[in-house]
Amino acid sequence: MALTPEEEPLDSCPRLVSDLKFPNLLPPNPVIKILIAFCKNDPVFEALVNASHRLSLEPTFVKSAESAIDAFQNPSSGGHHIIIVDARYPRTIEAEALGRSIRNSKGSQHTTMVAVVKKSVFEKDDTAVISLLDVGYNRCIIESPHVSICSSELRQIQHSLVRPQNVISTQQALYTALHRSREAVIITDDTLRAQYANRASERVLNMKLDEIVGRSLSDLVTADISNILSHTSRYKDYDGYLTTRRKSQESSQIHVRAVPVSCIGRNPTHLVLILESSSSALVSTNAIGEALQTLPQGKEVPRGSLHSIRRGSFDVRSIASDGLRRTSLAKLSSLPLEAPITKVLSLLAQVQENCSLDEAKLLDRVMEFLKREGLYSPQMKEIRTEDPVATDLIGALLTQGPTNILSSRRSSNDSIIRGGGRPSTGSIVFNKTKESSQLSDLLQTALDWDFEIFKLEDLTEKRPLVCLGLELFRRFDVYNTFNCDEMTFKLWLIEMEKHYHSENTYHNSTHAADVMQATAVYLQQLSNRELKIMDRMDEATALIAAATHDIDHPGRSSAFLCNSDNTLALLYNDICVLESHHAATTFRLTLGDDKINIFKHLDRDMYKLARSIIVDMILATEMTRHFEHLAKFVSVFGTDVESKDPLPPDNDDNQILVRRMLIKCADVSNPTRPLKFCVEWARRIAEEYFMQTDEEKRKNLPIVMPMFDRTTCSISKSQIGFIEYIIHDMMDAWNSFIEMPEIIRYMEFNYSQWKLFEEQGINTLSDIKRKQMSLTEDTASSISLEEKF
């Protein structure tokens, strides 16, 4: 009897000559585990069970989607090679949702997923089959009660899908070896566009991995690369030297060996480049390091961190002669405030214009330190004492609070293989009803700036956060980033939305959904501009922070809580009361129930990083520090920037500034939306402020906002002042950074309309409501922005 491939000894076949030149890595050959998710034990189920036993597969049986996810994610018995899901009864097992959840689970990329469907589905409704394939199923098979047919199907799946996936899965071991190699390795396509880069390539090129991958070699070197292509196209190895463009604008000679590889067909499809730095580059780096030894050192970064590599380089374009710096400082000086650090930065900028290039570099470095967060926070030094207890005590006293994870973050792009950009996993699928069809169509526009948030509020019966959150999490690949299934995120969103107060006219879950949507649009714009300042973890945590930034908001301001001796004010000592409560509530609820704990699959360091970002972003929404955050952002990134010069290096402190500015702009984006949305949000916030004033009068409390009396307040005037003093400068700076001119056009148009309303005497709530009715009736008024500009 002939041996099956699984039973054949490894050395029974003679090795090919090609295998000796390019050795293969033997794939894993375990017993195939199959997970069968059927809601009931019908003849089709029995046939699959018998077929599994006949083929010596190791089966696991479950009867619900939740059990299937738990079984697959089980660390000891999970990780099945084949998953068969009964897709015939969607009310019992929602196959599409289960498929998305499995695909978003860690380790599912090489799992073969099969859906069992009714015969009529194949014959009449191909869209159902296509939708199953789109969410991650590899194959759909027709239900059959015959064991022989099921055995044949499973054997075909085993040979055509499972075995090739086992072979493909071995590449992870190869990429791990490459990533740990001390030699710098870059793999390109046949046009020399980088598809992969290992960690050592960061040291040679002095760039982050995501700045290397996706770029052509011609962007990284100054030499002509046609010589490499001419050699490798004839299947000859290339051996020579190239000059790189280092970020410090210095030239560096590197030795390059290029080996052509053919993955498909006869012609080379990829090139493996091995890079070696020349000694001159090392000398140049050492010279810079010696020149900087007299400068105070910033926050300590673990050895090997991407940021520790980047901070050793200079960008000559960022010194005083650069128009960006002068423009930003000029804008900063025009703001209605001036901090001592602003004067220091202005004086240093003036000194830079009249000094040598070397001195300008050192001053530029000094200015970078001065703009960092926590400038006067104590830094831990080496403590030389014989008493370890004293060492612990002094260390604890000097490092108040948790360790600043933001300064020691690990790269979420340790090994990057160029894919197709942001993953597209489709939209939420609904049952075919009129309302669900409208909801599905609406969510298709989730990244449009004129997104109909109030229509979503109506369709979801004032619970828009869950639907919009799932859509945005899917579009930004949050499930994979957190290694967590979609069901956990869905339950988390339900719980978060439950703790928003629907009786609040403004600070409710619709506001949270609106801020989340604005955050997503900003993130998409940053990605489109390829600023490389926010990675997948940054995007995921920004969306989470936006979704929960006002959770459990009582509809009253922090000042009101302090004046009324509210328990929250007592808890937080009258300092940043509401924002502290929002951040604490987010993590108290999330960590309190494992079913909604979206952080449960993150390791400790990544969880601390995610928590630090989310807390910092939520606290940034406190308006008492508005001008401080704006001044810092303008001093680093400038405003009214017309040139396309590179942005300042994306170090930790700059990333913090961008994240804070992003959520601040999203939180108060109402005046930059289309007029009908702007007016509705203004009406809602005014009503909430009026209710607070009413309560303060009833309880004989200090009036926090005396002007917001429903009998005397002019809503139009309040919006005019809000745009003039808060929104205008901030949105100008933000637009200069992300290049979204529509926010400025809407803001200026809305500002002119509020002035017109004031002239027409449209001031009170009733006036605004009547005006809204006319805006609704005359739809042209709400879309006439393009005609005005």
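Just so you know, glycine gets a Cβ as well, placed from its N, Cα and C.
Here the structure is a predicted model, which means the values were calculated and not measured.
The annotation active site, proton donor is assigned in TrEMBL to His507. Residues or ranges marked as AMP binding site in TrEMBL: His507, Asn508, Ser509, Thr510, His511, Asp550, Asp667, Gln719. Residues or ranges marked as Zn(2+) 1 binding site by TrEMBL: His511, His549, Asp550, Asp667. Residues annotated as Zn(2+) 2 binding site in TrEMBL: Asp550. Residues or ranges marked as domain 'PAS' in TrEMBL: 170-224. Taken from TrEMBL, the feature domain 'PDEase' applies to 431-761.
Other than His511, His549, Asp550, Asp667, the residues of this chain whose Cβ falls within 8 Å of the Cβ centroid of the Zn(2+) 1 site are, in sequence order, His507, Ala512, Val515, Ala546, His553, Thr621.
Distance between Cα atoms for His549 (Zn(2+) 1 binding site) and Thr510 (AMP binding site): 12 Å, as a whole number. Thr510 (AMP binding site) is surrounded by 26 other CB atoms, counting those within 10 A of its CB over all protein chains shown. Taking the Cβ of Ser509 (AMP binding site) as centre and 10 Å as the limit, one finds 29 other Cβ atoms among all the protein chains shown. In the structure shown, across all protein chains, His549 is the one of the recorded positions His507, His511, His549 with the greatest number of other Cβ atoms within 10 Å. Scoring each of the binding-site residues (Asp550, Asp667) by how many neighbouring Cβ atoms lie within 10 Å, the top position goes to Asp550. Restricting the average to the domain 'PAS' (170-224) gives a pLDDT of 82. Least crowded of the binding-site residues (Asn508, Gln719), judged by neighbouring Cβ atoms within 10 Å of its own Cβ: Asn508. A distance of 7 Å separates the Cα atom of Asp550 (AMP binding site) from that of His507 (active site, proton donor). Note: the CA-CA distance between His507 (active site, proton donor) and Asp667 (AMP binding site) rounds to 11 Å. Helix first, then strand, then coil: DSSP counts for the domain 'PAS' (170-224) stand at 24 helix, 13 strand, 18 coil.
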